[in-house]
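*Asks:* Dumping the structure here so I can ask a few things about it.
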Amino acid sequence: LECHNQQSSQAPTTKTCSGETNCYKKWWSDHRGTIIERGCGCPKVKPGVKLNCCTTDRCNN
């Protein structure tokens, strides 16, 4: 599986995630604006953090 792993609005980069079946994108707002984190897997998130998990290559941009 290939997942995006760039932060927020940086140029897209990807990572090969061996053994993973999910990519994730999670985002939240703070004093800096909206922060977006992308990567492999499907993590548990704290209340107030939005999470999108998906199962195809580069689906989490």
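Glycine too: its Cβ is placed from the backbone N, Cα and C atoms.
If you look up Swiss-Prot, you'll see Cys3-Cys23, Cys17-Cys40, Cys42-Cys53, Cys54-Cys59 marked as disulfide bond.
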*Asks:* Can you see whether DSSP assigns Cys40 (disulfide bond) to helix, strand or coil?
*Replies:* strand
*Asks:* Cα-Cα, whole number of Å: Cys53 (disulfide bond) versus Cys40 (disulfide bond)?
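*Replies:* So the alpha carbons of Cys53 (disulfide bond) and Cys40 (disulfide bond) sit roughly 9 Å from each other.
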*Asks:* Which of these disulfide-bonded residues is closest to Cys59 (disulfide bond) if you go by CA atoms: Cys3, Cys17, Cys40, Cys42?
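*Replies:* If we rank Cys3, Cys17, Cys40, Cys42 by Cα distance to Cys59 (disulfide bond), first place goes to Cys3.
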*Asks:* In whole Å, note down how far the CA of Cys40 (disulfide bond) lies from the CA of Cys54 (disulfide bond).
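*Replies:* The Cα atom of Cys54 (disulfide bond) is 10 Å away from the Cα atom of Cys40 (disulfide bond).
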*Asks:* Roughly how many Å lie between the Cα atoms of Cys3 (disulfide bond) and Cys40 (disulfide bond), rounded to a whole value?
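*Replies:* One finds 6 Å between the Cα atoms of these residues.
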*Asks:* Measuring Cα to Cα, how far is Cys17 (disulfide bond) from Cys23 (disulfide bond) in Å?
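*Replies:* Computed Cα spacing between Cys17 (disulfide bond) and Cys23 (disulfide bond) is 9 Å.
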